[in-house]
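One structure below.
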Amino acid sequence: MGRFRGGLRCIKYLLLGFNLLFWLAGSAVIAFGLWFRFGGTMKDFSSGDKSPEYFYVGLYVLVGAGALMMAVGFFGCCGAMRESQCVLGSFFTCLLVIFAAEVTTGVFAFIGKDIAIRHVQTMYEEAYNDYLKDRGRGNGTLITFHSAFQCCGKESSEQVQPTCPKELLGHKNCIDEIETIISVKLQLIGIVGIGIAGLTIFGMIFSMVLCCAIRNSRDVI
C-alpha cells in the first residue's frame, strides 16, 4: 500500500511539473504569435486593405491555443493537487482540444505555405503595377512592402528606386524575398504547433494515469 501511495505521489508531481512547463509554453506561444502578428516583417500589413489574412489565420489559432494552454495548466495543477477524477477528466478533454488546434495550425502552416506565398506575391505585383501606372497611387503600399521585406523591385530596382529603403545595400528581388521570408515564418509556426501538440500527448498520458491511480487507490481503501 505504501509503495502504491508513493507511485501515486510520483505521478502527481510529474503532472504538476508538466503543468508548470505547459503554462510557460502557453506564455511563450502567445508571445510568439503576437510578435509574428504585430511585430517583425508582417506588422506593416495589419492595417492595409489587402492584408494577408490567410497568413494570419494560423497565428490566431496559435494565440488562442496559447491562452487556453495557460488556463489549462492552472486547471491541471488544481486537479492534481486535489486528486479529483472529475477535474482531471476535464483537463484531459481540454488537452485534447489543444492538441487538435495545434495539429491544425501545424498542418495549415505547412500545407498552406505555397498559397500564402502566392497571395503576398500577388499583392506586391499589384502594388508594383499600380506604382508604374500612377506614381502617387501605389507609392505608400510599395514603400511598405520594400521596408517590410528589405527588398526593392523585381528583376531590376531602377523603375521603383524612390520607394526603396535607403539602408538597403545592393539589389534584392522582392518576389524572391517574399517567398523566402514567408516560407521561414510559416515553417516556424508549423514547428511550434506540432511541438506543442507533442507536448500535450504527455499531459494526456499523465492525467489518465493519475486518474486511474486515484480510482484504484479508492477501490483498495
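Yeah, the Cβs are placed from backbone N, Cα and C, and that goes for glycine too.
Beyond its flanks by at least six residues, the transmembrane segment (12-34) meets 59-60, 62-63, 65-70, 72-74, 76-77, 80-81, 83, 192, 196, 199-200, 202-203, 206-207, 210 of its own chain at Cβ-Cβ distances under 8 Å. Annotation comment: TrEMBL describes 12-34 (among others) as transmembrane segment.
Annotation source TrEMBL lists transmembrane segment at 54-75 (among others).
The transmembrane segment annotation in TrEMBL covers 87-111 (among others).
Sequence-distant neighbours of the transmembrane segment (188-214) (same chain, 6+ residues past either end, Cβ-Cβ under 8 Å): 4, 7-8, 11-12, 14-15, 18-19, 21-22, 25, 29, 32, 36, 58-59, 62, 65, 69, 76, 79-80, 83, 85, 88-89, 91-92, 95-96, 98-99, 102-110. Taken from TrEMBL, the feature transmembrane segment covers 188-214 (among others).
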Surrounding residues of the transmembrane segment (87-111) on its own chain - C-beta under 8 Å, 6+ positions past either end: 57-58, 61-62, 64-65, 68-69, 71-72, 75-76, 78-80, 186-187, 189-194, 196-197, 200-201, 203-204, 207-208, 210-211, 214
